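Student: Got a structure for you, questions after.
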Amino acid sequence: MSKLAQKSGLVWLWLSLLLLVVDFASKTLVVSSMAYQESINLLPVFSITYVHNYGAAYSFLSDAGGWQRWFLSAIAIAISGLLVWWLKRLPATNKVLCAAYSLVLAGAIGNLYDRIAYGYVIDFIHVFYKNSHFPVFNVADCAICIGAALLLFDAFTGESPKEHKA
C-alpha cells in the first residue's frame, strides 16, 4: 500500500470490504436456503423474510417500469466515487468520518451489486411489532444507516474535516 493510502482515510476501506463480505454472504445464505417470500420467525418482533426490492428505500420507485434500476445504479456509482475521493482527502485519524464514509460506501456497493446483477436488491431483515411492519432491509442498508448516523454525530460534535495534504 502506498504512503498516501497509509496516511489517508483510504486505510479505512478495510471496513467497507468487511461489510461487503458480510452483506454478500448473508444474501447468499438467504437466497440459497429460502424460497422467495418465505419467512422464518426468530423472535416475536423479528424474522428473516426473503424479498426483492426493485426500488430504493421503502420500495420507492419500485413500480417505475425498470428505468429506476439504472438511475439508482448511476447514483450509487457517483456516490461511491465521491466517498472514495473524500476518504483519500481525509486523514486516517479522523475516525468518525472515515468510518461513516466507509460504511455508506459498503452499503452503496452492496446494493449496487444486487441491482446490476439481478435487477433488484435482496432484502431479508424484517422487524415488526403486532401489525406495524418496518420495510424489509439488508446488511447494506444497515451500513448506510449507521454511516449516516455517524455523519450526523460528527456534524454535531466533531471538528471541521481537515483535508490531508500529500
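Glycine residues also receive a Cβ, built from the backbone N, Cα and C atoms like all the rest.
Pulled from Swiss-Prot, these are the listed features:
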type	residues	note
TRANSMEM	11-31	transmembrane segment
TRANSMEM	42-62	transmembrane segment
TRANSMEM	67-87	transmembrane segment
TRANSMEM	90-110	transmembrane segment
ACT_SITE	Asp123	active site
TRANSMEM	133-153	transmembrane segment
ACT_SITE	Asp141	active site
Student: Using a 10 Å radius around each Cβ and all protein chains in view, which of these active-site residues has the most neighbours: Asp123, Asp141?
Tutor: Asp123
Student: With a Cβ cut-off under 8 Å, give me the same-chain residues at least six positions beyond the ends of the transmembrane segment (11-31) that come close to it.
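Tutor: Beyond its ends, the transmembrane segment (11-31) has Cβ neighbours at 1, 5, 48, 50, 87, 92, 98-99, 101-103, 105-107, 109-110, 113-114, 122, 124, 138-140, 143.
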Student: If one measures from the C-alpha of Asp123 (active site) to the C-alpha of Asp141 (active site), what distance in angstrom results, rounded to a whole number?
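Tutor: Distance between the two Cα atoms comes out at 9 Å.
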Student: Under 8 Å between C-beta atoms and at least six residues away from its ends: which parts of the chain pack against the transmembrane segment (67-87)?
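Tutor: Hits for the transmembrane segment (67-87): 8-10, 12-13, 54-56, 61, 97-98, 101-102, 104-105, 108-109, 111-112, 115-116, 119-120.
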